[in-house]
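What follows is a single structure, written as structure tokens, with notes after it.
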Amino acid sequence: MKSNSIKAADKEALEIFEMLFNLGQTKAWYKSLAISSFWFEKLIILLRISQLFVFTFAANYETWPVRWRGMIHESGISIIFAADFGTLFYDDIMKDNFARIMYSSSWIIFASVVIAVYIFGRFIMPLSVLWRLRFERYYLEIAHLFYLPIALGLLPIAICRYDNCWDDLGAQATTSVISFIIMFLYLIGMPIYVILVARKNIITDDPEAHEDFIKQKEMEYVLQISHSWLSEKYYLFSSYRKTKFRIYHKSVYEFFVLSLVLVHGLLNTNQEVKMLVLTLQLFGFSIYLTIFPAYRCLSSSYLFAVGLWTICANMFLGYLKAAHYKAEALVDENMVSILVAVNVAALIILLFLMCAYFIFCLKWPVNLKTVKNLALGYRFLLADLRNAQKMILVLRSLSHYQFVKAEPVVAMIKLLRDHYYLLYNENHPLQYTVLEQLDILNYLQQRVSSQTLLPCKKLEENFGLVVRVMNRRWREQILMTPVKRRILLKLYILRMFIGNRIMKPFNSGEQNNYIGKGEKMRPIDVYDFDMDKLYQKLEKVLSDDVNEEKMNDITFIGGIDGDSLSLKGNIQKAHEENNIHWLVDLTENALNIGDEDSIEMLAEIWDERGIKNLPEDLRSRLKEYKL
């Protein structure tokens, strides 16, 4: 009999398991989470390159030819990819102090909303486990994409190196202070948060071992034998390598973008120096990512490197123009042609790379084909691992294990142990997956064995009816007719049986229980728990209409003799024998029955021995009775 009391978090875990790891289940596109981030990475990289292109345009706005400015504005690139309205209203922002403050205020409001959404969704709104995972996943990606637009909208005006910036001192000072607060909370706080999350999930400093671990987890995810990858590590840093600072690539890239925007704002009055510093920054970062590819998927690293060198070329042309380099090629008409040629050539290279992905079938390091090759010949193993995973999720969802049989858990442990020995001899990577599930199942098996009341045929068949009758009649005075005496006696024995479970096979096997006294004492046998024999003895007692003294001579079950029917006698005996575990069980029994005399006696004993030795739930119930 299973418990209907399922925790909300564990129920959500079961829903996650059914929705994500059942590959045969029909899922809508928005519920589908493939392990491969191949095209998702490419899309993010193209968006970042486009944003850097918009930043290059904004940094060189004063020196770019008028025709080139018009081409960019008409294409809408700066608005679509970076929401850069600053270049669109450049003259108004430069000359009108009020327009500049209003533009900065709009970005302050937008950034504040982005921060507030995270605080509300993460700490205030009672989201379920499933929706919290979705929220964090999509929020982080969106927050990363808005990083450069927010920085470009806030920092140059907050630093404010324009001619008439400080004419309205109060308004400008307020805007700058709020902008710097947003910078610390969002522009600095978010990269640090991502570093902490990534660092927390690093299990080894060995790059090869780290790569093997990620591949193993991704294969477990695809094979439906692990559910931890979604919530713990996936979408945070699994795209990046371990060596150097590459695993922190998201944060490194964002700090790099922040440094670009700070230089753009601080050196705004000296265009030549600003362009030189920005060019050197981009040149150094491009060399770094070319020599040390950040992405696990090499095609993503190539795409990002080509994009960075394209931005670096644009920035270098801007520096030559700002430095008034004397060359016929740098006049406005020729400059536009050079810029068009450079960017069109880069676009052709990017399209060629995209075609190469299709031609050479470049894929994610772990894909469905590699997983199928690994799974070939291990179908039964994978089926057993899925069943073990379901068993773990179901057992974790239960609030108690009184009515869970231990035999299926023990059988699953034995099955996984056999699989582990075979995998260990072959040095197969799935041996660690089996070992991890064995550890969890061993822990759950110990809890089940210590709490279960099963197997008990009569109890399994009649438990629901018995509980309803006991809850209704345990405080009532039943007229002692022969039939009602029989009912009362059976209920009392069952109540005692449930409340005092110090007997085989219902304990963990650590205590040695015996039946009889003196020379007749013998170990408990499984047949001593035959409920049919118990009922036959009870029927014989009731049919003979014996008195209570005769009933005390009958041995009932598992070392609980006639004297044990007296709860006070058991309490006194447990107190004298200094048996804490027995006292705990007797306390629970007395509280369930509602025997006030026994409860008062137990309260005095626990005050003497120390109430801290009693479990917290029983301690609170005992205090309620004392009050």
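One is the number of the first residue shown, and numbering goes on along the chain from there.
Cβ from N, Cα, C; glycine included.
If you look up TrEMBL, you'll see 71-89, 101-121, 142-159, 171-196, 251-267, 273-295, 302-320, 340-362 marked as transmembrane segment.
Among the recorded stretches 101-121, 171-196, 273-295, 302-320, the one sharing the largest number of Cβ pairs closer than 8 Å with the transmembrane segment (71-89) is 101-121. Ranked by Cβ pairs under 8 Å to the transmembrane segment (171-196), the stretches 101-121, 142-159, 302-320 are led by 142-159. Counting Cβ pairs closer than 8 Å to the transmembrane segment (251-267), the top stretch among 101-121, 273-295, 302-320 is 273-295.
Sequence-distant neighbours of the transmembrane segment (142-159) (same chain, 6+ residues past either end, Cβ-Cβ under 8 Å): 44, 47-48, 51-52, 55, 58, 82-86, 93, 100-101, 103-104, 106-108, 110-111, 114, 118, 175-176, 179-180, 182-183, 186-187, 190, 250, 254, 257-258, 261-262, 264-266, 268.
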